[in-house]
Amino acid sequence: MFCFWRTSALAVLLIWGVFVAGSSCTDKNQTTQNNSSSPLTQVNTTVSVQIGTKALLCCFSIPLTKAVLITWIIKLRGLPSCTIAYKVDTKTNETSCLGRNITWASTPDHSPELQISAVTLQHEGTYTCETVTPEGNFEKNYDLQVLVPPEVTYFPEKNRSAVCEAMAGKPAAQISWSPDGDCVTTSESHSNGTVTVRSTCHWEQNNVSDVSCIVSHLTGNQSLSIELSRGGNQSLRPYIPYIIPSIIILIIIGCICLLKISGFRKCKLPKLEATSAIEEDEMQPYASYTEKSNPLYDTVTKVEAFPVSQGEVNGTDCLTLSAIGI
């Protein structure tokens, strides 16, 4: 009779847990194990949470008035296990999980849910909530997997080829192309569990100018369009944003230099003309003085002042020269 009552009470608690569970937590890939020879009821759940988001893990939804002890057993990969426990009768809270960013979602006397405010790769592991009641123990296991969206890059290469890369994703991303080409895909695993996938494709058809790289991942899908190169000049396209500004700057500098040179010439020519005029003016007084003081200038003046005929010159050359005083 006692066993029948205990089994009936256990069934009521199970029905209550199933009815209330959907109101607070959403569990995926859930499997339930129930051994009829033991009052222990166990539920195994796999949960995938994106990195940087909040995770909320729930125990069996059993009224706290029926619970005696609620214990979270946390086993993170690469770290020793720790526990967070709450005794209902004494309302005492005990924890050995300090510094791991794992706490009660609220006060345990209100709700025994566990909260991770910002999920990181270090939070991967198993989380077990064990609820002890007079009717039996209820255990809920979570296998927490952290999702990391990949960083996607893509670029064209020579000879009508293109590269698409999904870096550091968890799990590994899937890369496909449209239209299909001759593709080679490689992957590289990292120490933190992330994977980098790189796909290189080549298209022989000349009528294919644009292709699409499709990256599929649990955190979301991406479709990227790439224009294939048509010749060697396409390899310069990534450098065009740097080449054009450099050419413009060189043109501006050249114009400034030409303006400075032309302005210097205009300023220099008037100075040269003014200098020549000053030198000529300075020479004129000296020439006047020389002309006045030199007897040779007087003689020439006299000869020019008294011209003679041709016959007189022929007959009286010596007399004339003597008379003049030469």
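Glycine is treated like the rest: Cβ placed from N, Cα and C.
These numbers come from a predicted model, not from an experiment.
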### Task
For the set N34, N314, say which residue Swiss-Prot annotates with N-linked glycosylation site.
N34
### Task
Determine, on the basis of Swiss-Prot, the cysteine among C164, C255, C257 paired with C213 in a disulphide.
C164
#### Entry: Closest of C97, C129, N159, N192, C213 to N44 (N-linked glycosylation site), Cα positions, recorded positions only
C129
### Message
I need to check the long-range neighbours of the transmembrane segment (239-259): which residues 6 or more away from its ends have a CB within less than 8 Å of a CB in the stretch?
### Response
none
### Summary
Students should find that the Cα atoms of C213 (disulfide bond) and N101 (N-linked glycosylation site) sit apart, in Å rounded to an integer, by 38
#### Entry: Cα-Cα distance linking C97 (disulfide bond) and C183 (disulfide bond), given in Å to the nearest integer
48
